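First the structure, in the form of structure tokens, and then the observations on it.
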Amino acid sequence: MALCAKKRPPEEERRARANDREYNEKFQYASNCIKTSKYNILTFLPVNLFEQFQEVANTYFLFLLILQNLEEGTGTRTQGHCPSRETNMKVRQAIPVTSELRDISRLAKFDGERLWRSNLWVEEVGRVLGFQLHGSFLLGGPDTKLMQNSGRTKFKRTSIDRLMNTLVLWIFGFLVCMGVILAIGNAIWEHEVGTRFQAYLPWDEAVDSAFFSGFLSFWSYIIILNTVVPISLYVSVEVIRLGHSYFINWDKKMFCAKKRTPAEARTTTLSEELGQVEYVFSDKTGTLTQNVMAFSKCSVSGRSYGDVLDVLGHKAELGERPEPVDFSSNPLADKQFVFWDSSLLQAVQTGDPHAHEFFRLLSLCHTVMSEEKTEGELYYKAQSPDEGALVTAARNFGFVFRARTPQTITVHEMGTAVTYQLLAILDFNNVRKRMSVIVRNPEGRIRLYCKGADTILLDRLHPSPQELLSTTTDHLNEYAGEGLRTLVLAYKDLDEEYYGGWAQRRLQASLAQDSREDRLASVYEEVESDMVLLGATAIEDKLQQGVPETIALLTLANIKIWVLTGDKQETAVNIGYSCKMLTDDMAEVFIVTGHTVLEVREELSPRVPFPSPRKAREKMLDSPHAVGNGFTCPEKRSSAKLPSVLEAVAGEYALVINGHSLAHALEADMELEFLETACACRAVICCRVTPLQKAQVVELVKKHKKAVTLAIGDGANDVSMIKTAHIGVGISGQEGIQAVLASDYSFSQFKFLQRLLLVHGRWSYLRMCKFLCYFFYKNFAFTMVHFWFGFFCGFSAQTVYDQYFITLYNIVYTSLPVLAMGVFDQDVPEQRSMEYPKLYEPGQLNLLFNKREFFICIAQGIYTSVLVFFIPYGVLAEATRGDGSQLADYQSFAVTVATSLVIVVSVQIGLDTGYWTAINHFFIWGSLAVYFAILFAMHSNGLFDMFPNQFRFVGASLQRLPTDGAGRHQPGPSLRCPAQVRYSQLVRKKQKAQHRCLRRVGRTSSRRSGYAFSHQEGFGELIMSGKNMRLSSLALAGFGARSGSGWLEGLRRKKSDSAGSPSAGPPKPLRG
């Protein structure tokens, strides 16, 4: 359609009126419509089918559907796409012309016109930006930030799902092999034996040879034996996963009463993978910590504030501290703000210029929004808790941020309102790691205020007195050692001439058609240089409750925890010790701080020729520690993509690497060395990393390690990491809900992770593995009986069981017990799962369901099928009544086999069940009761008399027994040998009222499903009609026994005898 559309002429201008659609539609501008749906009417079917057939089983079922030519509907699973949206608080302000239209009713009545040429609106914008405005544009539709940032939803699959794809291919190959064997048997039987019965058991008209008959038999057996992988398997898997997700949602022990937030399973496809996690990648701020920031300490012009000293000059402990600083003299102070060092307030009150400039910077350099609902009651809305804490600190110390417009910032400085003209905001991003504002004070002086990370800002300072720089650096290291979050503050005075030229360069960079971001960064870099150091801040972010215990427990479960944070190295290391990731009994904590590729390689690898005291790999290899985790899995370990001697290290090491070193370590020629070293450590901390680096680290582990990864975070900068990992967990904290929206599971506190993995995850993996093992067992036991029966029915694709049993076996008789086990089963109570975290390791090593366990299950199923088929056959084949007549018939044999099978698989699931509930008892014994109730009902005379057309197979033998005059059944043989069958047929045909020639009735060409296979006539009528009957197993056995030779040789002799006398009369019945 797009190719046929007429090309639009180039647009010279656009006119648009607010709330006037009819006027705007006259110009036929490009639509502003956006679509976030995954499908439309045309693409729904092909796109959805493409996704569905990524599962091999769906291709398998489609093949059977086509083969059976049945009109069966299959369900589809659509996956909606929710575009990621920004939930953090951003600066959003209207221009002054429309800023007063706050009421919705007034906004709806707004009437305006936007033009390219000069008008009030354009003049206003031009004045704000500081230059003459010649034009403007809006990004609409697909070009909006929302649409540009919305990525494709990744469909995550578990390792069991991927294994199942392989197993389905193997099973299909096994199914084809069975079909080929039975088809060959059919061709041989038809060639050697079937021609004997052409008079009344002819081939179809299209069948002209035994080979073609075997070919058709192959497809019949493919249909009959397809129950080795029934579609009910996948339905049951989804039901079990849904139940596991509800257990997580209903877990009261994962409910946060303070925030009224329950745990939420946002997906139902990953529950069992929670029991296989080996690597946890965690953010620090808001994930391990509370993300509730408090202004704790600061350094102003070389002096540190925040510590409380006793009379001897030592730091006072928390319990010995006096009353906090009294801010009652400030009517606009935040009453919840607490600070312990009164000397800082005294410095501000006495007019210390450095202290004033320090808090002036904090009150101006930010993007906080202020709201004053009542006089004197200020409410700050900040992008991050850090900014809110800094602005609140300035507020309490006398520099109160009151309001902002796009051009001004109003601050009450020591009770006096001062309005600054806002000239530019150089916003924070993950690359710059700093923020600046340029303001003009009432006296007309222009100044740049900047705050940012110490690693960035200290390199951009003017060569100021080294003593101040050294003292401030010492204070920063001291604060970071206490686990505090630090920022450096600086300023720079600008003259009018320089600012005018710089503003023009910034304008040109912002209008650049290509590399706009790089050009703006270069312009920002220019002005943010030669700044004057003012001081530093330290903000406290306390650990969440239960974090150390959770990390210790997960470590005992052989789960390796990597912390990926944007904080500086000292802060990250201190938090690592606080949360017990790093311990004093570790052999060594390796610090990688190289700035070049060579330095980083040297610190990681011992193969570099020159010496280094910090070669992590060399020290690990020299370590005398031994490895041992209590479990081994040769299948998994031998197939690992990354064999290394370092895998034998006991793990009593830790690795700390910063962002610029990590950038080199993630390069293609070094990533394996970094991964080997990091994976040999018990804990890894990556500090000063960007969101992209977080995702790269997770992807590196996924790429080279056969291990399940989990990423947990709370902010927008953790979204890429959460989406990259096998399992993403979002913390609903202070940073909005972007992480939660992108996650697979969410809760409010990090400590709930131990219960999610060690209880719900381990149980889910255990239940799913036991379910799959039993399901394959019971279906192979059910299906292989047909295979054995093929050798006794002339390979005619005849089923052992009746159609009702085949239909109800997976739906009624065996479905509910295995569902109950898959949903409720436990090996140990939840308390034991938490007390003994080593119980989690079988899931990591994939011990409970793998290729070896699969072959054991199908071997057990095949063994069961042998016993279930051959024991009844051996008992009933030669059994006779007291008068010498045959005891059993085909139906009795089928019922015996079916009953034995149901009892055996029911007992087996009872033995496999480790945790009995009332539901398990009800389903297991109830299913047995339902089977016998249906069995007796379908084999009753009453049901046959009421519905003779629907029940032609079951109970048919009752209609074949001879009766006396009173209607009583007379004893007699219920199965006859082939000669007797032929003789009876000829006699009955002669007794028919209408004499006619012998009809040649062809065999039906329709092939029926294993789920709905049924005969078209009753057992006796089927023999007389000659449509599709072969020799039954018991008849053939009886005939072979009486002839004194094998059944094949006996029939050959009969064939030669009849060939010698073609006009011979009908053979006499054989008598026992």
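Just so you know, glycine gets a Cβ as well, placed from its N, Cα and C.
When other Cβ atoms within 10 Å of the Cβ of ASP283 (active site, 4-aspartylphosphate intermediate) are tallied across all protein chains shown, the result is 29. Taken from TrEMBL, the feature active site, 4-aspartylphosphate intermediate applies to ASP283.
Residues annotated as ATP binding site in TrEMBL: ASP283, LYS284, THR285, GLU387, PHE428, LYS451, ARG485, THR565, GLY566, ASP567, ARG688, LYS694, ASN717, ASP718. Of all the Cβ atoms in the protein chains shown, 24 others lie within 10 Å of the Cβ of GLY566 (ATP binding site).
Feature annotation from TrEMBL assigns Mg(2+) binding site to ASP283, THR285, ASP714, ASP718.
Positions annotated as domain 'P-type ATPase N-terminal' by TrEMBL: 17-70.
The average pLDDT for the domain 'P-type ATPase C-terminal' (740-944) in the predicted structure is 91. Sequence annotations record features per position, and here TrEMBL assigns domain 'P-type ATPase C-terminal' to 740-944.
Residues annotated as region 'Disordered' in TrEMBL: 1044-1072.
TrEMBL lists 167-189 (among others) with the feature transmembrane segment.
The transmembrane segment annotation in TrEMBL covers 209-235 (among others).
According to TrEMBL, the transmembrane segment annotation covers 771-792 (among others). Here the transmembrane segment (771-792) has long-range neighbours at 160, 164, 178, 182, 185, 221, 224-225, 227-230, 233, 236-237, 240, 798-801, 809-810, 814, 818, 821-822, 849, 853-854, 856-858, 860-862, 864-866, 868-870, 873, 897, 901, 904-905, 908-909, 912, 1010, 1032-1033, 1036-1037, meaning same-chain residues at least 6 beyond its ends whose C-beta is under 8 angstroms from one of its own.
According to TrEMBL, the feature transmembrane segment maps to 804-824 (among others).
Taken from TrEMBL, the feature transmembrane segment applies to 854-873 (among others).
According to TrEMBL, the transmembrane segment annotation covers 893-911 (among others).
Look at TrEMBL and you will find 923-944 (among others) tagged as transmembrane segment.
For the binding-site residues PHE428, ARG485, ARG688, a Cα to Cα distance of within 10 angstroms from ASP283 (active site, 4-aspartylphosphate intermediate) holds for none. Listed in sequence order, ASP283, THR287, PRO691, LYS694, ALA711, ILE712, GLY730, ALA739 are the same-chain residues six or more apart from ASP718 (Mg(2+) binding site) with CB atoms under 8 A from its CB. When the neighbouring Cβ atoms lying within 10 Å are counted for each of the binding-site residues (ARG485, ARG688), the highest count belongs to ARG485. In terms of local Cβ density within 10 Å, THR285 ranks first among the binding-site residues THR285, ASN717. Between the alpha carbons (Cα) of ARG688 (ATP binding site) and ASP714 (Mg(2+) binding site) lies a span of roughly 17 Å. ARG485 (ATP binding site) and ASP714 (Mg(2+) binding site) have their C-alpha atoms 17 Å apart, to the nearest angstrom.
Of all the binding-site residues given, namely THR285, PHE428, GLY566, those whose Cα is no farther than the 10 Å limit from the Cα of ASP714 (Mg(2+) binding site) are THR285. In this entry, ATP is bound by ASP283, LYS284, THR285, GLU387, PHE428, LYS451, ARG485, THR565, GLY566, ASP567, ARG688, LYS694, ASN717, ASP718, whose most widely separated C-alpha atoms sit 24 angstrom apart.
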